Amino acid sequence: MTQVYNFSSGPAMLPAEVLRRAQSELCDWQGLGTSVMEISHRGKEFIQVAEEAEKDFRFLLQIPSNYKVLFCHGGGRGQFAGVPLNLLGDKTSADYVDGGYWASSAVKEAHKYCTPNVIDAKVTVDGLRALKPMSEWQVSEDSAYLHYCPNETIDGIATHETPDFGDKVVVADFSSSILSHSLDISRFGVIYAGAQKNIGPAGLTLVIVREDLLGKAHKACPSILDYTVLNENDSMFNTPPTFAWYLSGLVFKWLKEQGGVEVMDKINREKASLLYGVIDKSDFYRNDVAPANRSRMNVPFQLADSALDKLFLEESFAAGLHALKGHRVVGGMRASIYNAMPLEGVKVLTNFMIDFERRHG
Ligand code: PMP
């Protein structure tokens, strides 16, 4: 059978070792004669899984002790509501940096709860899509927080800067880049990420929140989105997505075995530079993002002749290279190359691209 490499943007591929381990213990977990899906989240066995996952996640990102980690439901979009509901306090506005599709989706949701001050960060540099540097983001004085999305999954655009906005509470949607590099957590008030790209299966959302920001939720905030309620109940106010939590824990152990996020960062840069290198060297493929703002996780590219798109997708799929179709709002192709995608997968992709160009260019 052809080796399959899955370039899906999310739910995305998981490390093969993790899937094999989950498979081996699926029907008889820890000798209990049942799967981990079928036991109480309040029993000592699952509590151990939950605690270990949090410990490993904290270790991987070096999360300081004044930050809480919450294991939530509701995905990234849930947090588009959760953030204003938890952080506005008595303020009525918040700064929202618009760098792409997901940041602007967060703005739409925020409108239900406050007046977002939208900072349009999208610029064109030498005909290429780029983002304004953080130093040019006009933060307003009376805003409750500043929200941005460091890696835009659909647009393939990213800011690689570390925020430094003094006392302003910085909130970041790391759904598509969490754990892909190290982070100075202390620069953030809240970080959130849906699990289905770089953490584990869909259904789980991680929130990292600085503890002084707890206790401010709007009275109409649903309890399952309320950071304080979740924290007081060890993320078990209601039944958590236990299987996703367990599997994410296995991914964290795998990441530790690989050498942690610094090692992943190195490999991720290597994968991205290999792929962008092949795109840049040819007139057959094109990526229109300025090099400084290129995503290392999601690489959109177009074929010069879009009439070949269908054939490219058919042939790549037959070669074991799956899910390369670009998002419907952008078109073309997109290769998502999260932590679980090995360098070898990107090599197979670039070799395929070079060969496809030779045959059809
Ligand atoms: N933010 C980003 C950066 C995303 O990529 C996505 C999903 N692709 C979301 C938010 C929305 O996540 P969910 O579907 O989990 O609500």
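Numbers run from 1 along the shown chain.
Using the three backbone atoms N, Cα and C, a Cβ is placed for every residue, glycine included.
Predicted, not measured: the structure shown is a model, and the values here were computed from it.
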Per TrEMBL, which one of D56, D126, D173, D265 shares the pyridoxal 5'-phosphate site with G76, R77, W102, T153, Q196, N238, T239? D173
Residues among the binding-site residues R42, R77, W102, T153 that border ligand 1 - Cβ under 6 angstroms, in sequence order: R77, W102, T153
Give me the CA-CA distance between K197 (N6-(pyridoxal phosphate)lysine) and R77 (pyridoxal 5'-phosphate binding site), in Å, as a whole number. 14
Candidates G76, R77, W102, T153, Q196, N238, namely the binding-site residues, that fall within 10 Å of S9 (L-glutamate binding site) by Cα distance: T153, Q196
Close to R42 (L-glutamate binding site), taking Cα pairs within 10 Å and only the binding-site residues R77, W102, D173, Q196, are none
Any idea what DSSP makes of D173 (pyridoxal 5'-phosphate binding site), helix, strand or coil? strand
Applying a 10 Å Cβ distance cut-off over all chains shown, what neighbour count does N238 (pyridoxal 5'-phosphate binding site) have? 12
